[in-house]
């Protein structure tokens, strides 16, 4: 299993070093993996609302969309159309298990290079697609890229950054995902009127960040942790000096050596995860990923242009509305970076539950009362209010369940099960992203406005889970998590009786 050296706070040791220009360059290059992921999330919704794309690959959907008596909720209901979007995440789920082994055996740098190659192949197949099979195979290759990038990039960022910046950089990966979504919305807005190949331009531009990641990953270094883990000890020390900008790196170097040695002692981290002592972290990590998807966020981000067309916007206006929600997503994630270590995790999650619940209910009520299955769409004022409610929903998600769904699992596992535990989190996220992506348009058709009440009900469950079962981890050193968090919690402390963990020092 890969060794991961994570900096906590408060009681943890401070190491010498500074943020260097080289580290900044490495972080920017690696972050193109997040940008690619975000672009892939956002681009599909805009492309699947373009008439030229629908006419070529989904003529039945095109006819239904423009039929005089079309069902407003069912105009885009097509399993192959949903498969175009969701197959990426099923491929990412499968690839993540392979990527974990590659990342451990061959390093973070090579794993990112492999991800970029998958991205490039996927872009070629989708942008040059001539039939539905070709574009779906292209999306599958893009999914392989996502699986490899999501495994390597967060590890790379956490290991290359100075310890006091690791938390912020963790959420910065989510920030680059939101930027990718915004960029895709802007591209879709400008290419929707480029006939007949605007959709090819939208899909093809994804090759730019993929190429940047491919070429840039040649320039960056491997992380010291990965080098030391693979027995390249002196090379690891040399790289550590380079990225820290100081000669004296002995303390941090020793801590990495120690972490790698302790990680090697755990022969089967997945079996360790099945023990009661690992139950709190495992349950919370898996539930956070499930809840993250059942907020309805990816359904809205995937299909925002489709959703806005459903309530009555024209194609251009729908794409412009998606750009607005993309901007809200980016700036709200920046808020999270600033607030998370000040206000704490729980308060952000609970506040967002209230905000998202109200937004979902308002959208559901407006659509239930005003948008019938056939006939006229919403009035302009009502449609604008729906967009405002969607933005309010996205805002709440982007400073809470979005970034914290990844941050909390990365900080609650002890070292010996951290990589295995995080793999469970990633695979769970991809599985339920696939399920929601594949089912949303059919759910919208069958449940109509009720789908927003469905997601609102899940938000209530999420809030209750957070209130009763999710302890605050702000300011708690990673190595003190068991004693200061789990053994003090009214419910989870009963699982800590068999705490047989080795004395692991995590810095």
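Any Cβ shown, glycine's included, is placed from N, Cα and C.
Because TrEMBL annotations are produced automatically, they should be read as predictions rather than curated entries.
The domain 'Major facilitator superfamily (MFS) profile' annotation in TrEMBL covers 26-474.
If you look up TrEMBL, you'll see 19-39 (among others) marked as transmembrane segment. Residues 112, 115-116, 119, 145-146, 149-150, 152-153, 156-157, 160-162, 165, 169, 172-184, 206, 209-210, 212-213, 216-217, 219-221, 242-245 of the same chain lie 6+ residues outside the transmembrane segment (19-39) yet bring a C-beta within less than 8 angstroms of a C-beta in it.
Long-range contacts of the transmembrane segment (80-98) within the same chain, counting only residues at least 6 positions beyond its ends with a Cβ under 8 Å from a Cβ of the stretch, are 40, 44-45, 48, 57-58, 61, 118, 132, 135-136, 139-148, 150-151, 302-303, 423, 426-427, 430-431, 433-442. Positions annotated as transmembrane segment by TrEMBL: 80-98 (among others).
Look at TrEMBL and you will find 110-130 (among others) tagged as transmembrane segment.
As annotated by TrEMBL, transmembrane segment applies to 136-157 (among others).
The transmembrane segment feature in TrEMBL is assigned to 169-187 (among others). The list of residues near the transmembrane segment (169-187) in space but at least 6 beyond its ends in sequence, with Cβ under 8 angstroms from a Cβ of it, reads 27, 31-32, 34-43, 46, 153-154, 157-158, 161, 201-202, 205, 209, 301, 304, 319, 322-323, 325-327, 329-330, 333-334, 336-337, 340, 398, 402-403, 406-407, 410.
According to TrEMBL, the feature transmembrane segment maps to 199-221 (among others).
The transmembrane segment feature in TrEMBL is assigned to 282-306 (among others).
The transmembrane segment annotation in TrEMBL covers 318-340 (among others).
Here TrEMBL flags 347-368 (among others) as transmembrane segment.
The transmembrane segment annotation in TrEMBL covers 383-408 (among others).
The transmembrane segment feature in TrEMBL is assigned to 420-441 (among others).
The transmembrane segment annotation in TrEMBL covers 447-470 (among others).
Among the recorded stretches 136-157, 347-368, 447-470, the one sharing the largest number of Cβ pairs closer than 8 Å with the transmembrane segment (420-441) is 136-157. If you count C-beta pairs under 8 angstroms between the transmembrane segment (347-368) and each of 110-130, 199-221, 318-340, 447-470, the highest count goes to 447-470. Residues of the same chain lying 6 or more positions beyond the ends of the transmembrane segment (199-221) and with a Cβ under 8 Å from any Cβ of it are 22, 25-26, 29-30, 32-33, 35-36, 39-40, 43, 46-47, 50, 52-53, 109, 112-113, 115-117, 119-120, 122-124, 126-129, 138, 142, 145, 149, 160, 180, 184, 187-188, 191, 239, 242-243. Mean pLDDT across the domain 'Major facilitator superfamily (MFS) profile' (26-474) comes to 84 in this model.
Beyond its flanks by at least six residues, the transmembrane segment (318-340) meets 42, 45-46, 49, 167-168, 171-172, 174-175, 178-179, 181-182, 184-186, 188-189, 192, 300-301, 304-309, 348, 387, 390-391, 394-400, 402-404, 407, 474 of its own chain at Cβ-Cβ distances under 8 Å.
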